[in-house]
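Structure first, then comments.
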Amino acid sequence: MREIVHIQAGQCGNQIGAKFWEVISDEHGIDPSGTYCGDSDLQLERVDVFYNEATGGRYVPRAILMDLEPGTMDSVRAGPFGQLFRPDNFVFGQTGAGNNWAKGHYTEGAELIDAVLDVVRKEAEGCDCLQGFQITHSLGGGTGSGMGTLLISKIREEYPDRIMETFSVFPSPKVSDTVVEPYNATLSVHQLVENADEVQVIDNEALYDICFRTLKLTTPTYGDLNHLVSAAMSGVTCSLRFPGQLNSDLRKLAVNLIPFPRLHFFMIGFAPLTSRGSQQYRALTVPELTQQMFDAKNMMCASDPRHGRYLTACAMFRGRMSTKEVDEQMLNVQNKNSSYFVEWIPHNTKSSVCDIPPKGLKMAVTFVGNSTAIQEMFKRVSDQFTAMFRRKAFLHWYTGEGMDEMEFTEAESNMNDLVSEYQQYQDATAEEEGEFEEEEGDVEA
């Protein structure tokens, strides 16, 4: 079947990854020891998308965990699903990357990369028909960003025709964990533009906002944030894992969402999100889901889709519902808010319907959108990058690992090119290329 190899890099990647495996195992009825204890044949029918079956009917995740320091991995191993993973698939160094992209990409990471690639090959060889790779990592630190992008480019060399999908946590606008985040993120984006097929952009601040505003949690933990991300991640692959009326997979997603090869940075969202207290006051219907899914407050990255236009969008519905209703709702959204969709791609939304909803819900939907508003994110990081780079602040940490200033300049201009490409397509009209119209004001949905 269509297998996916999952890789998690660095602290953030491993924490999201650990949560993701909890969610997926729950959906497939697999307990922390790897034994199946579910109640439906459908759970096992395509369990091999994410799991290998070992002797004695034990299911082992097709996951590779890597980090440059053992700390996070030890906590994953000690966590609720720690015994699920194959011990050989933990690959870690001892030194740490110290939030330094150059350490992750050129020095420390480069020493460990061969060990990781061996495990990747082993997992890929165990697949009948490998669909692609999914990587969870952050772009602000050293390992996930530096070593993560190194691994992506190595895998790209070896498996050029397989889909490479990443879930990348971008630096947040107001909350900063590390001073050198803008450097690490810009250098990473420089790599992701060239080597990844689809990048789902996530950021912590937007996730915190969802937890405060929508879920009404007073003190959200990283566990809560990661749970949100995992719900969306599981939705992206649900059509591969469960039967449905309208299927989608990573390649279909890419074909339908990427009009131009460089513009593959997506916003993701998930619905329904309700606080514990207000659940009984809402009915779950397709219109309700569609409404919430296109809501700006629902996006998992801090860009407001109302500030740009959707080039394309994709909705993956889960649960028992009529496809006719889904199509009507999607058409409805496009007709009512036509100014938010570029008019030179007619019918630019794709939908898929999968019969099995997530645990504990009757219906749900995962939203993936390619909006030009994502440029806000890049612009923000780029401005911070320029401010520091102009003074050459912190640069010695990178040049000391053998990097060249030229690389920074290249990464910066690549990021700025990306921003202007998004802007160009936001302004483009259907009638005449090169003739830019004035943009209308903000319209509420």
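Just so it is clear, glycine is given a Cβ too, placed from its N, Cα and C backbone atoms.
According to Swiss-Prot, the protein has these features:
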- GLN11, GLU69, SER138, GLY142, THR143, GLY144, ASN204, ASN226: GTP binding site (BINDING)
- GLU69: Mg(2+) binding site (BINDING)
- 426-445: region 'Disordered' (REGION)
- 429-445: compositional bias 'Acidic residues' (COMPBIAS)
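Structural mapping of features recorded in Swiss-Prot.
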residue : record           : Cβ within 10 Å
GLN11   : GTP binding site : 23
GLU69   : GTP binding site : 19
SER138  : GTP binding site : 31
GLY142  : GTP binding site : 29
THR143  : GTP binding site : 34
GLY144  : GTP binding site : 33
ASN204  : GTP binding site : 23
ASN226  : GTP binding site : 24
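Across the residues annotated as binding GTP (GLN11, GLU69, SER138, GLY142, THR143, GLY144, ASN204, ASN226), the two Cα atoms farthest apart lie 23 Å from each other. Mapped onto three states, the DSSP output places GLU69 (GTP binding site) in coil.
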